[in-house]
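Here the structure is laid out as structure tokens; the discussion comes afterwards.
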Amino acid sequence: MEAFFAQPPVQSGLAPFVVSLVLATALWRAPARWQGLTIVGALLLAVLLIIGPTLTPLTSTRKIVIASLSLPMMALVLDVVALRWRTKVGIVILAAVFALLWVLWPVLLRRELGDAVLLAGGLALYVLVVLMAFARLSSCCARLTGAALCFAVATGVAAIMAASALYGQLAFALAAAIAGLAAVRLWRCGWGEADVDACFGLAGVMAVAVPLALLGAAASVYARLPLMALPLLALSPLLALVPFAVRWPAWLRVVIAGLLTLPASAAAIYLTWLAAGAGSSGYY
């Protein structure tokens, strides 16, 4: 059994997918804000299988994990507070930017002030754009699902090509978690139904966006992901906002939203492939 759970396809694919299915089914009748727990629970299991339960040494990856698990919980609390949606999103984005600086701090300390400011500012802008894009997508769960699934896969493929197998595994685990949640929602609502636009809630949106944004940003520093690939990755979820018929079946809108993200995702992966070279396994 231990050998079975030690296999990467199980750690970052099967296990988080099954956990997502179970949690999504259990939370089906709960308010939409609780759907974020599905992604968080699946990611937590993947982290336990891939990295282990210890938080020491406090590497960049463990910092990303801590932020990825804690910020959705903060978003869950904000969901019940009487604040405007934009204010809630702004608070989470600000926290995510601080988390990014925490992840990058050892690298920033070793750079000249000007270089450090440029690097931190550019990567903070990437995180900002990704989180704002997913916040906009939250009004339509079909768009959100398709865009999130393809963005997670693109981030995972790019991270692996950039010599960061660990970041790639975590991104694929998020893709599996999204797929499990989407499967339950589509099955319960009916694959041909158009009215399945109940939002995942702020916690669900940020449970996807925060870890993927941090993984992409960190891969450009701790691995070989070219900085020029980040604008293309950030463009990926934005393309899912392109208007199309809202009365189409839910499954079709999920597919179309995913297809809309493909040009930018493919371009980012291609740039990473061009820049890739022999290197370390990327387990930081």
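Placement of Cβ uses the backbone N, Cα and C atoms for every residue, glycine included.
Whatever TrEMBL says is automated annotation, not expert-curated.
Annotation source TrEMBL lists transmembrane segment at 12-30, 37-58, 64-82, 89-105, 117-137, 144-164, 170-187, 199-222, 228-247, 254-276.
For the transmembrane segment (117-137), the partner stretch with the most Cβ pairs below 8 Å, chosen from 37-58, 64-82, 199-222, is 199-222.
When Cβ-Cβ distances below 8 Å are used as the criterion, the transmembrane segment (89-105) is approached by residues 60, 63-64, 67, 71, 74-75, 78, 119-120, 123-124, 127-128, 131-132, 135, 202, 206, 210, 213-214, 217-218, 221 of the same chain, each at least six residues removed from its ends. Ranking 37-58, 170-187, 199-222, 228-247, 254-276 by CB pairs under 8 A with the transmembrane segment (144-164) puts 254-276 at the top. Sequence-distant contacts of the transmembrane segment (228-247) (same chain, six or more residues past either end, CB-CB distance under 8 Å): 122-123, 126, 129-130, 133-134, 136-137, 140, 143-144, 146-148, 150-151, 154-155, 158, 194, 216-217, 220, 253, 256-258, 260-261, 263-265, 267-269, 271-272, 275.
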